[in-house]
Amino acid sequence: MSTNPIQPLLDVLYQGKSLNREQTAELFGALIRGEMSEAAMAGMLVALKMRGETIDEISGAADAMRAAAKPFPCPERNNNPLHNGIVDIVGTGGDGFNTINISTTAAFVAAAAGAKVAKHGNRSVSSKSGSSDLLAQFGIDLTMSPETASRCLDALNLCFLFAPHYHGGVKHAVPVRQALKTRTLFNVLGPLINPARPEFMLLGVYSPELVLPIAKVLKALGTKRAMVVHGSGLDEVALHGNTQVAELKDGDIVEYQLTPADLGVPLAQITDLEGGEPAQNALITEAILKGRGTEAHANAVAINAGCALYVCGIADSVKAGTLLALATIQSGKAFELLSQLAKVSGEALVNGQEKGR
């Protein structure tokens with residue numbers, strides 16, 4: 001008889017049965033603490049994938065990772081009803097398209113328009129340049145201390161939280177994930193485990209089949225309001241086609257589609273949004289944020305920032321949010337914000353505030 005406390009839970013999975021939320025949290029807790037062998041880890045991830053993860057299982061895995069994350073000292077939530085929480089603009093990645101850094105650029109625009117944005121991100125998954133790769137080009141310290149990040153959020157309306165800096169236990173799964181060479185539950189967990197615990201989310205997923213399930217997971221995790229989107233192949237709101245949406249609001253989930261016309265912008269081609277290496281994408285982002293980007297680039301960023309502004313209550317519709325985002329882009333305020341964030345990040349390093357992080 002096995003003395004391994006997690007073996008009975010693994011056996012349930014091997015029988016093709018589901019675990020409840022608490023059981024899944026127990027399994028992933030063991031993984032994060034380094035108490036699970038690579039063989040067991042692979043067996044667990046494959047068993048979940050082959051059957052299809054339930055809402056409870058995804059929520060339980062997120063619970064475990066949230067509980068184990070490095071704490072983030074959130075600044076006091078503003079009592080102003082238009083600024084009553086934090087928003088994240090995030091995607092699962094893995095959509096297979098090499099686009100410009102839309103969600104990261106949109107985060108600067110939304111913050112410059114008044115939203116409190118805590119952007120949780122990582123290095124590239126499917127593109128040549130992930131959010132962290134882009135920010136590094138601007139001299140923004142990816143591993144700034146939680147205290148420095150919190151000060152940035154409070155003073156600048158924006159901070160960037162580098163996932164590996166807050167979720168150290170995930171390192172135990174890296175060899176297995178690399179060896180499996182297939183998507184697993186980890187591919188959808190990233191956006192769900194932001195240590196700032198945002199009340200509002202614009203969350204893009206790589207598959208249309210994930211839109212409704214992930215909205216249900218966000219509801220289970222206590223998210224106040226969210227839009228989960230898949231845009232014609234992209235893990236974000238699409239400029240080149242329809243976007244499938246599951247909107248969580250007041251405890252209810254409503255499904256619908258958005259077109260570029262609904263957002264007040266013209267249709268573009270996916271090729272208009274093709275990105276490159278981090279250095280090239282940084283130049284594109286700089287041009288957009290200075291109000292000098294191409295129409296397609298500006299619109300792609302604006303519709304995503306606009307949906308985030310709608311989700312967090314600053315705009316009363318996605319179209320109004322998009323218009324506000326476009327005006328913010330033209331003002332150049334978003335680039336000023338990027339420059340300020342890079343300056344604060346650099347000063348913290350020079351002053352030694354990042355020691356012991």
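Cβ atoms are placed via backbone N, Cα and C, with glycine included.
Just so it is clear, the model here is predicted, and its values are computed rather than measured.
Here's what Swiss-Prot has on this protein:
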BINDING   GLY91, 94-95, THR99, 101-104, 119-127, SER131  5-phospho-alpha-D-ribose 1-diphosphate binding site
BINDING   GLY91, ASN122  anthranilate 1 binding site
BINDING   SER103, GLU236  Mg(2+) 1 binding site
BINDING   ARG177  anthranilate 2 binding site
BINDING   ASP235, GLU236  Mg(2+) 2 binding site
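Known features from Swiss-Prot, placed on the structure.
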{"residue": "GLY91", "record": "5-phospho-alpha-D-ribose 1-diphosphate binding site", "Cβ neighbours (10 Å)": "28"}
{"residue": "THR99", "record": "5-phospho-alpha-D-ribose 1-diphosphate binding site", "Cβ neighbours (10 Å)": "24"}
{"residue": "SER103", "record": "5-phospho-alpha-D-ribose 1-diphosphate binding site", "Cβ neighbours (10 Å)": "27"}
{"residue": "HIS120", "record": "5-phospho-alpha-D-ribose 1-diphosphate binding site", "Cβ neighbours (10 Å)": "25"}
{"residue": "ASN122", "record": "anthranilate 1 binding site", "Cβ neighbours (10 Å)": "19"}
{"residue": "ARG177", "record": "anthranilate 2 binding site", "Cβ neighbours (10 Å)": "17"}
{"residue": "ASP235", "record": "Mg(2+) 2 binding site", "Cβ neighbours (10 Å)": "27"}
{"residue": "GLU236", "record": "Mg(2+) 1 binding site", "Cβ neighbours (10 Å)": "28"}
Near ASP235 (Mg(2+) 2 binding site) (Cα-Cα within 10 Å), the binding-site residues in question, chosen from GLY91, HIS120, ASN122, ARG177, are GLY91
Roughly how many angstrom lie between the C-alpha atoms of ASN122 (anthranilate 1 binding site) and SER103 (5-phospho-alpha-D-ribose 1-diphosphate binding site)? 12
In Å, rounded, how far does the Cα of GLU236 (Mg(2+) 1 binding site) sit from the Cα of GLY91 (5-phospho-alpha-D-ribose 1-diphosphate binding site)? 7
For the C-alpha pair, I'd like the distance in angstrom between ARG177 (anthranilate 2 binding site) and THR99 (5-phospho-alpha-D-ribose 1-diphosphate binding site), rounded off. 24
